[in-house]
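Notes follow once the structure below has been shown.
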Amino acid sequence: MNTSEPDSSFPFVREFILLDFSCEWKIQILLFSLFLTTYALTITGNGSIVCVLWCDQRLHIPMYIFLGNFSFLEIWYVSSTVPKMLVNFLSDKKTISFVGCFFQFYFFFSLGTTECLLLATMAFDRYLAICHPLHYPNIMTGHLCTKLVIICWVCGFLWFLIPIILISQMPFCGPNIIDHVVCDPGPLFALACVSAPKTQLLCYTLSSLVIFGNFLFILGSYTLVLLAVLRMPSANGRRKAFSTCGSHLAVVSLFYGSLMVMYVSPGLGHSAGMQKVATLFYAMVTPLFNPLIYSLRNKEIKAALRKILGSFNTI
């Protein structure tokens with residue numbers, strides 16, 4: 001697998017081997033079927049939400065614009081890793097090119113960062129709507145909503161750009177086997193010919209900042225929301241507010257829990273199996289359940305979905 005450049009003191013790795021789940025052929029076929037079904041359901045669920053929010057003009061308000069972007073993001077987030085996993089289940093070589101590995105690394109981490117930022121923005125939106133309902137229409141205008149969405153996407157794709165470029169410039173002299181389901185910084189640092197403590201520190205510092213910074217912001221926002229909800233005189237109003245906040249907090253818990261285990265505690269020495277399970281949890285499980293937890297429980301979205309499906313039935 002490894003070839004050497006004539007003027008280089010290190011062998012140059014042209015491709016990596018992603019082991020994924022190395023097991024018997026029958027089990028690999030079973031996992032392929034399970035992952036393919038999960039991927040199809042994730043694309044269908046999130047795609048349905050994007051279509052509904054796009055088609056129904058009544059839902060073109062900040063809350064649903066954030067939701068639409070979130071669902072759109074989940075489609076690309078799961079697509080950055082799962083198709084390659086599916087190919088590897090049916091392949092004996094399980095290889096990924098050097099360039100392909102770092103492209104996957106970049107898009108997976110950039111989309112994950114964008115998701116962190118969008119979740120924080122959605123928490124801010126709910127804070128304004130519940131804690132400052134009279135000022136909400138004047139503050140969360142369409143212009144501000146658009147700016148926040150653009151900031152989330154741009155910052156998400158710039159956040160890890162420098163660390164990924166630095167890691168890609170490191171010499172990899174083999175072995176070229178990544179015992180993981182995705183190209184991840186931990187295994188890549190382990191395969192490098194030379195140690196790069198500064199690059200490693202930068203990578204984990206940026207991970208900690210984006211994860212803990214947004215998580216603490218969300219926690220603070222919902223603490224203020226909870227205090228405001230408890231002061232509401234109407235039981236129906238409290239129930240509606242708790243329903244919206246509960247869905248968002250469920251998504252936050254699923255996503256951030258596994259992220260913190262993987263990228264904020266590199267010194268704990270997680271086993272390869274635990275790393276794979278944790279990665280699958282936030283890369284596949286949360287995108288699958290997000291439409292059910294967050295969006296499809298919403299009465300307005302369900303009504304819009306029924307309306308669109310009804311219009312198709314009448315054609």
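Cβ coordinates are placed from backbone N, Cα and C, and glycine is handled just like the others.
Note that TrEMBL annotation is computational and uncurated.
Here is what TrEMBL says about this protein:
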{"type": "TRANSMEM", "residues": "29-54", "note": "transmembrane segment"}
{"type": "DOMAIN", "residues": "45-294", "note": "domain 'G-protein coupled receptors family 1 profile'"}
{"type": "TRANSMEM", "residues": "61-82", "note": "transmembrane segment"}
{"type": "TRANSMEM", "residues": "102-124", "note": "transmembrane segment"}
{"type": "TRANSMEM", "residues": "144-166", "note": "transmembrane segment"}
{"type": "TRANSMEM", "residues": "209-230", "note": "transmembrane segment"}
{"type": "TRANSMEM", "residues": "242-265", "note": "transmembrane segment"}
{"type": "TRANSMEM", "residues": "277-296", "note": "transmembrane segment"}
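Within its own chain, the transmembrane segment (144-166) is flanked in space by residues 62, 65-66, 69, 102, 105-106, 109-111, 113-118, 121, 185, 196, 199, 202-203, 206, 210, which lie at least six positions past its ends and keep a Cβ under 8 Å from the stretch. Per-residue confidence over the domain 'G-protein coupled receptors family 1 profile' (45-294) averages out at a pLDDT of 85.
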